[in-house]
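To start, the structure itself, in structure tokens.
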Amino acid sequence: MTDFSPREIVSELDRFIVGQTDAKRAVSIALRNRWRRQQLEGSLREEVLPKNILMIGPTGVGKTEIARRLAKLANAPFLKVEATKFTEVGYVGRDVEQIVRDLVEVAIAQVRERKRKDVQARAQLAAEERVLDALVGANASSATRESFRKKLRAGELNDKEIEIETQSSGGGMPMFEIPGMPGAQMGAISIGDIFGKLGGRSKTRRLTVESSHEILINEESDKLLDTEQLTLEAISAVENNGIVFLDEIDKICARDGRVGGDVSREGVQRDLLPLIEGTTVSTKHGAVKTDHILFIASGAFHVAKPSDLLPELQGRLPIRVELQALTRDDMRRILTEPEASLIKQYVALMQTEGVTLDITDNAIDALADVAVAVNSTVENIGARRLQTVMERVLDEISFTAPDRNGETIRVDADFVQKHVGDLAKNADLSRFIL
């Protein structure tokens, strides 16, 4: 769990996302409250429940990007899902309890990665022995092994091919569901789970010494790990620190004028209620309590309104944050300020071809103006419009770049107007092209 202060979390998000201070503050406080709860004692810790968040704002203003960046910062089990992917329990499709099962899998992968680092030194020695066995045989004299060990550590044998036995991952085993079987409620059953113990679990692979290194270290690390303890830690991490980001929550609001339930809308809302309030979900790794999982829901709400959600669901999302539509100044900052801004990305991409892009300040102004103009006349898709406009402006350069090695190409306001000016003015054309 991260121990960043709210101010540090906001400044970290500022590196990638322009504006939206209220949303950044809300998620930073929610994340810090997870850490604060961990410092409490006994019964009081159980009583402190997370304050779930509902982010409301037009498309393309940074809701999903905040979730993506938060996932990297959180250092906790984090899952981003679209609410539209689920159907009511009992119908064909994924039910909402799958969210918790997926979150457990994320946590197990995180804990395993962390624990592998603890046993890495021992795993490296064991992996080295397996490579030596493949090179000189298990019965070779100690002098021979030592001479090969020195060569191995010096990197002299990196390109030599060896045959090693590796564990089959079972990735090729198909998954299926058996109606009415308990396993079906716990997610799809893998044929590998049923028949995996009947042999065929390892296979011989021919690899270079260098490429076998990581595979063998991972295998030896997993042998040293206590799987049961690892699973318990992962479940505990989910129950205490888990974060679920529910995107497109507005798409499961009831449609106007529709009578009766709707299995992919109201039905999903009803199924989400106990999950957000706190329930126990069965997974193949054990039961998981959802009382302290933090839920962050987000939606554009350009057709539906937050009040169209079931009243009970609204009550379970007590913190409301409104994200502002992007202004021309925001568009300009998005092009230049973030660490991996669009301008920096395109300049770096062209440099791989030996072409230097010189994008002037007035070109950046022109790009922002075009994006704002098209958003206001066609459909407001926020910052995503910048990608469309940039692609259109640099289309010719991208196509001819391999033939222009060593050139410096100046992109100014006139260049931008020449490529997209007419399209931006013609609403009918921009509807289809921009």
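The count begins at 1 with the first shown residue.
Note that Cβ sites are derived from N, Cα and C of the backbone, with glycine treated the same way.
Quick caveat, the model's predicted, so the values are computed rather than measured.
Every protein chain considered, the tally of other Cβ atoms within 10 Å of the Cβ of Val18 (ATP binding site) stands at 21. The ATP binding site annotation in Swiss-Prot covers Val18, Gly60, Val61, Gly62, Lys63, Thr64, Glu65, Asp247, Glu312, Arg384 and rests on sequence analysis.
Neighbour counts of Cβ atoms within 10 Å were compared across the binding-site residues Glu65, Glu312; the minimum falls on Glu312. Cβ neighbours of Val61 (ATP binding site) (same chain, under 8 Å, six or more residues apart in sequence): Gln20, Leu323, Gln324, Ala325, Leu326, Gly382, Ala383.
Taking every pair among Val18, Gly60, Val61, Gly62, Lys63, Thr64, Glu65, Asp247, Glu312, Arg384, the residues recorded as binding ATP, the greatest CA to CA distance is 33 Å.
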